[in-house]
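A.B. asks: Submitted below is the structure of interest, expressed as structure tokens.
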């Protein structure tokens, strides 16, 4: 098994973003199922949550990731990432600049970027301090209402860059359209509803992991 966070990132195929499941009340059980099924990285994305509440939920994420040897990602906030000792900080285009985040977190925390256009993907593929990036949305998604979906053309462009830096396709990806994403050249994906809304999250994660690792 890969033994460092950077090794685990290189080996990662399935990146899950989920809310804190306050409505369902099953966060710990859900995370155990998804991580056991094959999710490699998990990120809490629950906009509007106060920092204290976010830290409380992230402790559940951190405990689950330790149990399963998987990576914990924090969205947007370097201070929160530092407080919970996360493995990963993910930054959008409008978030904290990468050098500032790196100054706060040091060299060991992995930093990812969101990209939504060819120029952004090209920059993220070479920018100093960036460890991985996400490219999309492949399809419109309710988790990002109003955001233009550049579609699979952006995935194809990113694949054509030939970068050794890990990158993930994102946006509306499910088991029904995964083959299209693979055909466009992606070998890693970010998943939300296809696992969070699955009747059997572990089985859904297993299927994603199997198909991505055999691609």
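Backbone N, Cα and C define each Cβ position, glycine as well.
According to Swiss-Prot, the protein carries these features:
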BINDING   43, 44, 45, 46, 47, 75, 114, 144  4-amino-2-methyl-5-(diphosphooxymethyl)pyrimidine binding site
BINDING   76, 95  Mg(2+) binding site
A.B. asks: Roughly how many Å lie between the Cα atoms of residue 44 (4-amino-2-methyl-5-(diphosphooxymethyl)pyrimidine binding site) and residue 76 (Mg(2+) binding site), rounded to a whole value?
C.D. replies: 10
A.B. asks: Could you state the CA-to-CA distance between residue 95 (Mg(2+) binding site) and residue 75 (4-amino-2-methyl-5-(diphosphooxymethyl)pyrimidine binding site) to the nearest Å?
C.D. replies: 10
A.B. asks: For residue 75 (4-amino-2-methyl-5-(diphosphooxymethyl)pyrimidine binding site), which residues of its chain lie six or more apart in sequence with Cβ-Cβ distance below 8 Å?
C.D. replies: 17, 43, 44, 45, 90
A.B. asks: For residue 46 (4-amino-2-methyl-5-(diphosphooxymethyl)pyrimidine binding site) and residue 76 (Mg(2+) binding site), determine the Cα separation and express it in whole Å.
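C.D. replies: Spelling it out, the Cα of residue 46 (4-amino-2-methyl-5-(diphosphooxymethyl)pyrimidine binding site) and the Cα of residue 76 (Mg(2+) binding site) are 11 Å apart.
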A.B. asks: Given a separation of at least six residues and a C-beta threshold under 8 Å, show me what packs close to residue 76 (Mg(2+) binding site) in the same chain.
C.D. replies: 90, 91, 92, 95, 96
A.B. asks: A 10 Å Cβ contact count, applied to the binding-site residues 45, 47: which residue has the minimum?
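C.D. replies: The binding-site residues 45, 47 were compared, and 47 has the fewest Cβ atoms within 10 Å.
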